[in-house]
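The structure appears right after this line, and notes come after that.
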């Protein structure tokens with residue numbers, strides 16, 4: 001295995017022990033069973049598709065409360081630092097892998113076959129997200145239908161909800177005179193969500209209960225919509241992306257304007273933006289910034305690799321990566337200001353001084369706080385409610401379509417005989433059946449458990465191996481040569497130093513800290529039963545074990561000689577690595593040879609320092 005200073009040993013076209021023949025035999029270098037991959041109709045479709053998956057529900061309900069719970073305005077500093085040192089480099093890396101090979105997130109590991117478990121583990125995490133994400137869309141559709149009622153059903157209290165319930169358009173009179181969180185004044189929007197919509201159990205030990213038929217029907221509609229988009233392939237998904245990416249901003253900006261004009265909104269916004277500087281020294285804040293960055297950008301799940309695999313080989317993906325990652329952050333900030341403006345107004349109406357006690361975080365943020373604000377609209381609140389929940393559905397469907405398409409691409413790439421429409425149908429049916437468990441009275445408990453164990457830590461951990469496999473096993477210089485050939489411009493020092501040093505070190509440090517500080521999961525301040533925690537650890541283990549198992553299998557399957565030779569072969573690029581077009585592949589092989597010869601000549605002519613430092617300088621600063 002090579003490191004950043006050794007571009008010669010690992011470069012497949014120059015290594016006599018590698019699987020890839022030399023350039024002189026380029027005609028035999030065509031990937032087996034290759035077929036022309038469908039492309040986006042235009043580069044703008046790719047950009048819009050990336051926006052539709054990266055700008056989603058995570059920006060609306062996850063980012064604001066993550067920020068508050070980790071220092072308020074001070075969280076923005078770690079978040080932006082993490083964005084530049086981890087988020088952007090990882091996002092651009094995934095775009096490049098997909099575009100260079102025209103393959104899905106599992107097949108791209110022809111770059112280093114022993115690391116294929118990373119791709120499989122990420123696919124597993126994507127499936128876990130796929131199972132519960134659709135249930136959020138079911139809730140959205142439920143509220144969409146309810147938005148046509150006059151008055152809005154969440155705007156007023158029912159007698160059976162108790163005396164602490166406060167209509168969304170009225171004020172509490174008992175203020176802060178309550179002894180516990182459960183005794184506080186509760187808005188009718190929160191009571192409606194808990195008592196009427198999800199009918200939530202107070203304790204999961206009671207069992208999961210029967211699914212709501214209304215939510216089950218809404219879940220079916222969500223998956224039917226997803227199927228109709230993905231069944232026609234990338235061209236249909238690309239056309240839909242224009243609407244999926246642009247429409248939510250129209251509604252979000254409208255809601256922002258309304259939120260900042262509400263009574264008490266300024267208090268909530270200050271609460272969100274006011275820094276708590278002491279939190280900058282809290283490692284938990286930095287960990288949460290990384291988790292939010294991955295969740296928001298959809299890094300480590302496969303959709304970015306999948307989308308970019310349909311790009312034309314010479315597409316300007318650098319520009320798109322910068323646009324999407326920057327727009328994602330701006331959207332999160334807009335959503336944060338909007339949600340805390342609404343919470344400030346909600347605290348004003350409930351006569352509560354501590355905004356963090358107004359409403360629970362999590363799913364309830366989108367389905368309690370926003371509806372509560374809409375109920376206060378002076379004119380036609382039904383219209384704004386309908387538009388808002390259409391926006392939420394559009395945001396969610398963009399992510400769901402992307403994740404479902406990722407699974408379809410993985411299966412179709414691996415099993416060439418499969419028809420895409422059959423895989424899309426099977427994925428939709430399977431997703432619907434798995435999603436039913438989340439529309440039971442214990443659904444939010446299970447969603448929290450699956451998200452925590454089956455997605456968050458798996459995605460986070462495998463991302464570390466992902467960047468190590470590319471930058472250190474395949475080799476930074478090798479990868480930068482590939483990018484330079486594809487983009488016709490040199491990879492800047494910023495990307496090189498992040499991929500090779502800064503990003504993996506930060507990921508390693510934060511991941512070790514996260515595992516060391518791992519605590520028993522809670523939901524709304526309540527502990528899970530032991531059996532649920534065991535099930536969670538099983539979910540986590542299934543995701544993590546993919547990498548070592550496939551590493552061992554790939555290495556032992558190449559044991560034709562010594563263990564070291566088998567390890568080298570398993571960590572060398574396979575015949576399938578490289579551009580899929582045969583003509584482009586020939587040019588790539590010649591380019592790699594010429595680039596290596598130039599570097600070798602430069603190393604010999606430069607005697608200003610030791611060989612090691614000359615190689616480091618060549619890797620990070622010199623052009624090929």
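Glycine is treated like the rest: Cβ placed from N, Cα and C.
Features of the protein shown, as given by TrEMBL:
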type: BINDING; residues: 55, 59, 296, 395; note: Na(+) binding site
type: COMPBIAS; residues: 1-33; note: compositional bias 'Polar residues'
type: DISULFID; residues: 157-165; note: disulfide bond
type: REGION; residues: 1-35; note: region 'Disordered'
type: TRANSMEM; residues: 40-61; note: transmembrane segment
type: TRANSMEM; residues: 73-93; note: transmembrane segment
type: TRANSMEM; residues: 114-145; note: transmembrane segment
type: TRANSMEM; residues: 215-234; note: transmembrane segment
type: TRANSMEM; residues: 241-261; note: transmembrane segment
type: TRANSMEM; residues: 289-310; note: transmembrane segment
type: TRANSMEM; residues: 322-343; note: transmembrane segment
type: TRANSMEM; residues: 383-408; note: transmembrane segment
type: TRANSMEM; residues: 420-440; note: transmembrane segment
type: TRANSMEM; residues: 452-473; note: transmembrane segment
type: TRANSMEM; residues: 493-514; note: transmembrane segment
type: TRANSMEM; residues: 534-553; note: transmembrane segment
* Please report how many Å separate the Cα atom of residue 59 (Na(+) binding site) from that of residue 157 (disulfide bond), as a whole number. => 30
* Inter-residue Cα distance where the pair is residue 165 (disulfide bond) and residue 55 (Na(+) binding site), in Å -> 34
* Between residue 165 (disulfide bond) and residue 395 (Na(+) binding site): CA-CA distance (Å) -> 31
* Interface check, the transmembrane segment (322-343) with the transmembrane segment (241-261), three or more C-beta pairs under 8 A -> yes
* Asked: Is the transmembrane segment (215-234) in contact with the transmembrane segment (114-145), using three or more Cβ pairs under 8 angstroms as the rule and ignoring pairs under 6 apart in sequence?
  -> yes
* When a 10 Å sphere is centred on the Cβ of residue 165 (disulfide bond), how many other Cβ atoms does it contain? -> 20
* Structure fact -> residue 296 (Na(+) binding site) and residue 165 (disulfide bond), compared by Cα position, are separated in whole Å by 34
* Against which stretches of its own chain does the transmembrane segment (241-261) lie, if we need a Cβ under 8 Å and a gap of at least six residues from its ends? -> 45, 48-49, 51-52, 55, 60, 269, 331, 334-335, 337-339, 341-342, 345, 370, 373, 377, 384, 387-388, 390-391, 394-395, 397-398, 401
* Asked: By a simple count of other Cβ atoms within 10 Å, which of 55, 157, 395, the recorded positions in the record, is least packed?
  -> 157
* Where, among 73-93, 215-234, 493-514, do we find the most CB pairs under 8 A to the transmembrane segment (420-440)? -> 215-234
* To do: Measure the Cβ-based neighbour count of residue 296 (Na(+) binding site), defined as the other Cβ atoms within 10 Å of its Cβ.
  => 25
* Structure fact -> Lying 6 or more residues past either end of the transmembrane segment (40-61) yet within Cβ distance under 8 Å of it, the residues of that chain are 133, 136, 234-235, 237-239, 241-242, 244-246, 248, 252, 292, 295-298, 303-304, 307-308, 310-312, 315-316, 320, 323-325, 327-328, 331-332, 335, 339, 362-363, 365-366, 370, 392, 395-396, 398-399, 401-403
* Cβ neighbour count (within 10 Å, all chains shown) around residue 59 (Na(+) binding site) -> 25
* Asked: When you average the Cβ positions of 55, 59, 296, 395 for the Na(+) site, which other residues in that chain have a Cβ within 8 Å of that mean position?
  -> 54, 56, 57, 58, 60, 328, 331, 332, 335, 399
